[in-house]
Protein chains: 6
Amino acid sequence: MRPSGRAVDQAREVKIIRHFTSHAEGSVLVCFGNTQVICTASVEKGVPRWLQGKGQGWITAEYGMLPRSTHTRNRREATSGKQGGRTLEIQRLIGRSLRAAIDLKKLGEFTITLDCDVIQADGGTRTASITGACVALVDALRSLQLNKSIKTDPFKQFVASVSVGMYKGEAVLDLDYPEDSNCETDMNVVMTQEGKFIEVQGTAEGVAFSRDEMDAMLELAEKGCRELLVIQQQALQAL
Amino acid sequence: MRPSGRAVDQAREVKIIRHFTSHAEGSVLVCFGNTQVICTASVEKGVPRWLQGKGQGWITAEYGMLPRSTHTRNRREATSGKQGGRTLEIQRLIGRSLRAAIDLKKLGEFTITLDCDVIQADGGTRTASITGACVALVDALRSLQLNKSIKTDPFKQFVASVSVGMYKGEAVLDLDYPEDSNCETDMNVVMTQEGKFIEVQGTAEGVAFSRDEMDAMLELAEKGCRELLVIQQQALQAL
Amino acid sequence: MRPSGRAVDQAREVKIIRHFTSHAEGSVLVCFGNTQVICTASVEKGVPRWLQGKGQGWITAEYGMLPRSTHTRNRREATSGKQGGRTLEIQRLIGRSLRAAIDLKKLGEFTITLDCDVIQADGGTRTASITGACVALVDALRSLQLNKSIKTDPFKQFVASVSVGMYKGEAVLDLDYPEDSNCETDMNVVMTQEGKFIEVQGTAEGVAFSRDEMDAMLELAEKGCRELLVIQQQALQAL
Amino acid sequence: MRPSGRAVDQAREVKIIRHFTSHAEGSVLVCFGNTQVICTASVEKGVPRWLQGKGQGWITAEYGMLPRSTHTRNRREATSGKQGGRTLEIQRLIGRSLRAAIDLKKLGEFTITLDCDVIQADGGTRTASITGACVALVDALRSLQLNKSIKTDPFKQFVASVSVGMYKGEAVLDLDYPEDSNCETDMNVVMTQEGKFIEVQGTAEGVAFSRDEMDAMLELAEKGCRELLVIQQQALQAL
Amino acid sequence: MRPSGRAVDQAREVKIIRHFTSHAEGSVLVCFGNTQVICTASVEKGVPRWLQGKGQGWITAEYGMLPRSTHTRNRREATSGKQGGRTLEIQRLIGRSLRAAIDLKKLGEFTITLDCDVIQADGGTRTASITGACVALVDALRSLQLNKSIKTDPFKQFVASVSVGMYKGEAVLDLDYPEDSNCETDMNVVMTQEGKFIEVQGTAEGVAFSRDEMDAMLELAEKGCRELLVIQQQALQAL
Amino acid sequence: MRPSGRAVDQAREVKIIRHFTSHAEGSVLVCFGNTQVICTASVEKGVPRWLQGKGQGWITAEYGMLPRSTHTRNRREATSGKQGGRTLEIQRLIGRSLRAAIDLKKLGEFTITLDCDVIQADGGTRTASITGACVALVDALRSLQLNKSIKTDPFKQFVASVSVGMYKGEAVLDLDYPEDSNCETDMNVVMTQEGKFIEVQGTAEGVAFSRDEMDAMLELAEKGCRELLVIQQQALQAL
């Protein structure tokens, strides 16, 4: 039934390659099937002005797509003079999600910026970004501990994210682009190791969804996130 | 337990005043307690370029807050040179929600712009905006039918929206500002007359929420939306 | 002769509703006939950088129109990325006019921002804004005195504003939109309680105006402003 | 009494040098004492979109100051990303004033842009700009007639402009920078050959002005404009 | 003498990986040592407005750096609202250089956009971009010929680019970041297969360079470009 | 062979008029034939933030063209909201070139801004700007020494600039607009008194250039710059 031939509860193959580029404190290439995102975590001393003197750190995120990461070329946001509404919405989501992974008090007055840049898009770029950024964030925290900038580990919990949706009347896990552009409902879920939710964002694209359908989608999302949480931790076992 | 003394499943008093200003085809002042939003529906001939020649119409929305609708003055977005991420996110949400109320094919090549301008904010401005804009939209459609611009009614269904959240460990309905700024989870729900969902956006602010908490919040949201759907229809019974 | 049937020296009905919204230190809805403007006065500690350390305060103004305050919808300035020339011109005028009402030295290092947002436009939005903002300003100064932030009253004098013009060869008072868009000359006058002028801005729209016509218009403006100055003070007699 | 030693009704020496640069259809250097402005009139085929098909032309104006035309360097507007409120206000004034000089119907579908760029500022840049732009406009109209682009002369009347003000309690003509920055009232007047007004813009800077003071200023303005109208016509007698 | 231990006339190892991402008509990862740039060539029907109807095509380029491609994080240009001067300068250079590789007449009314996005920076990003973009361009032209959009091959000649400089008094080839930030002169050269120059841009950073030094640098640049031209052609021998 | 009838190694007549406007510390009108540029040097206390506390000064440049300095009117950059790529490239070049004339340490914490505004363009505006700005800079340094703001002269050497190119197969000196828009190669050279280069920027416009052609062009550039260096020094001999 699915264009890719996957079972309804089958996610795409996930790869997480750490140390992908050399300058960032954390740098990950994350692949959800053909969707590929470079996630870097950059540590800077200091915090935004409105947090100064509160003895805590900050996590923020920025998101971008290379102009030709998509089927047809999209205008470069730097030339159009501003980030679009979709971009702002996604980077706000990534930032909120990753702040849930951290005890900002323990981080101290450091800012960590998570840059998620899509180099190839095939659906699920925001969920891949969150999942990959979490790994980059752990690497950045390790570097802060290694150079003794912080004493206690501010990491609280892993967060992972996956999309689910109603496609041709059935709940499916991890939509790729052909599904994403034809589904009735699209839902992005961010979940912690404890199985609790950070974000649930479901949007009907044309056909409203019932409470039963919502339940079916949430079930799949929990399964998908659990699998991702394992993959994240495996990736981090190597040095 | 609630700062306002309301019961956990009690929404604020809702007022919908039609014909609030004189120029727009639909013009509504909607009040959710102390939250007050002017919603106008403006009809214009023609559709955006990317829809031209497809024989359908378009619904879009814009959202703004008067600088002193809030406790402390916010910078006017027109002077800062761009709409912020929160504004863009909200107006995209309003637009998507109201497009679900309409058969765009039957609308024909008209664009209806829903402007939601908050004149007094006390929590729930986006849910009040959606609820009020739906009434303004109906008035605009009536004017199109009255002057014979369209032959069949493109209206499909009412949509209403309310916020729910986890506040001090309990699920509560229709958060006002003191609750909104202190809750553990904030969820905005957009529902149709048939009890189906257009949007469910739940965000943990600090503490992740469980599946049970999500269910409790959804229950309240259904109750709140049903009440709003009645108020919308009552408001429209007068001329 | 006038579309509204008014006598040439007859202004529209004026209403000034104080405490219109709840958060601002001063908040007024002012109506010149069908023209309706929300004027808020917001007090903030501190002054712009170029005034720091000079021991004086500052009054500034911002002006906006809701997109559908007009007959046809205007583009929202926040989406077009900047305030237009007309907007900037009007808000500079409002700011200059109200600074004449105040002894900035006595205000101390506070900034009061006057936001004038038009919710319904029918000609004369800038004159209604100045007239209403003056009342909002008085309320804001009262709040500063009530909470002991300032000791002496910085208020010097009331200022009121009205438009006059040459319409079908005759001088008329307080032009509404049908007159404004067809007049030969449009003149906005800002006057103090002592009958002196703060601003006189006359513009020929097509036909130049003679010295005699100018004198006739100024006479009407004085009459109109005197009436407004009474209404302002009556509005402020209540608490 | 005046810093320059001039009599109260004495304007500065005025120079109008035509053909100042070579590319524009009209190009004038105008000097009001030490104030120097390059005014060019550029003819382009076509009119703005909102005038298309109405069989008339358009006159528009743009104003700028070289960054170091002033005592201390001002930020270049091209680098700050927008024209300031003062600039927009002045160029709108120049455009309105010069449109009064022309029968736009007779111009046909041409747009003439008047660029007024201040290379040295010493007060009165807007009045010098209007006075100089009028001469550049006549030269541009001559070139249109020479190359047979238009058949009848669209020129209706000369317009000239001068500033007057209240300085140390007396009405004075043609304020230079030391006066302009210390005067009680500043008034800019645009007048036609027939002695009628196109614009009268009086602004109190600190002290409100009485009706008598206004009359005294208008008298001086009439004298000043009459002198300028002679100088404009003399400048145009040469080829 | 060189920080990397390379001989003065020794370039870094160069890798060119074609088909690096899947959507673009041409997609190359080019590595000059640790400098890594993704170069995509995107084909679109039509040409910019100023070229319409001239029966020719257009080649344009855009350049960007991921925020953490550098040692310390750079601000994302999409958030700062504009491309900086360095970016604009580089993308103009890339565009000019690649237009020299093509007969625009034979291309017909197609636009090819070359996006060069630096994912890791270690000096020489602009020269790597030009060298890689040329290979991506050839792949894009092949796809146009394969799908019969064009009949004759518009490719004229390969262009390659390398930097040279004066470092500690000696001419060196292909500067990496430690050299680039400490050299006396930096020169970027773009050369064709025939050994002719498209661009020579030499800039003294502190110490002016003599004619003899210029000759020495040009010699090295010719050697470096010749080597790159071989590598480009080898990369294109595979399918 | 040249449209102007000049010999291939003959530059245009050069004029340098000092004290052209009155406010700037250095103010020069420079003419390369019909190309006319106003160059002002403005001294301000302080340095950009990134240089603070390093005990050195800064030289920066800005470039602009009056809208009708060209054959057809160009859009004013202040109205289009940003400086174009060409403008940014040129002002970066002017700044780099003039920094080579100065010992920034000896300047102390002053910033000198060189504004180069083209009032009439006929090719070579950037080379005229550099040549004229150097003279304005010397005047500004003299004023700093006169008022004892600096003790030692920070001036190191004169820099001058000229364009050369390949036109109809021959190397020519100092291209005017008809040559510039039809040449095969355009090269801008900035040279010091010692005959060393600060910048060499050669760009093939259509036809690549050989090493021999490059040598021929450099020879002419040296001749041209030597002549300009004499004219600069002569201009500065007067007070």
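Quick reminder: no glycine exception, Cβ is built from N, Cα and C everywhere.
Cross-referencing A:Arg86, A:Arg99, A:Arg142 with the phosphate binding residues that TrEMBL gives (A:Gly124, A:Thr125, A:Arg126) picks out A:Arg86. In the three-state DSSP scheme, A:Gly124 (phosphate binding site) falls into the coil class. Same-chain residues with CB within 8 A of the center of the A:Arg86, A:Gly124, A:Thr125, A:Arg126 CB atoms, the phosphate site residues themselves not counted, are A:Tyr63, A:Ile90, A:Val118, A:Ala121, A:Gly123, A:Thr127, A:Ala128, A:Ser129.
Per DSSP, the domain 'Exoribonuclease phosphorolytic' (A:158-224) is made up of 18 helix, 30 strand, 19 coil.
The phosphate-binding residues named in the record, A:Arg86, A:Gly124, A:Thr125, A:Arg126, extend over a maximum Cα to Cα distance of 13 Å. Ranking the binding-site residues A:Arg86, A:Arg126 by how many Cβ atoms sit within 10 Å of each one's Cβ puts A:Arg126 at the top. Regional average pLDDT for the domain 'Exoribonuclease phosphorolytic' (A:10-140) in the model is 97.
Neighbour count (other Cβ atoms within 10 Å of the Cβ, all protein chains): 27 for A:Gly124 (phosphate binding site). Long-range neighbours of A:Thr125 (phosphate binding site) (same chain, six or more residues apart, CB within less than 8 Å of its CB): A:Thr35, A:Val37, A:Met65, A:Ile90, A:Cys116, A:Val118.
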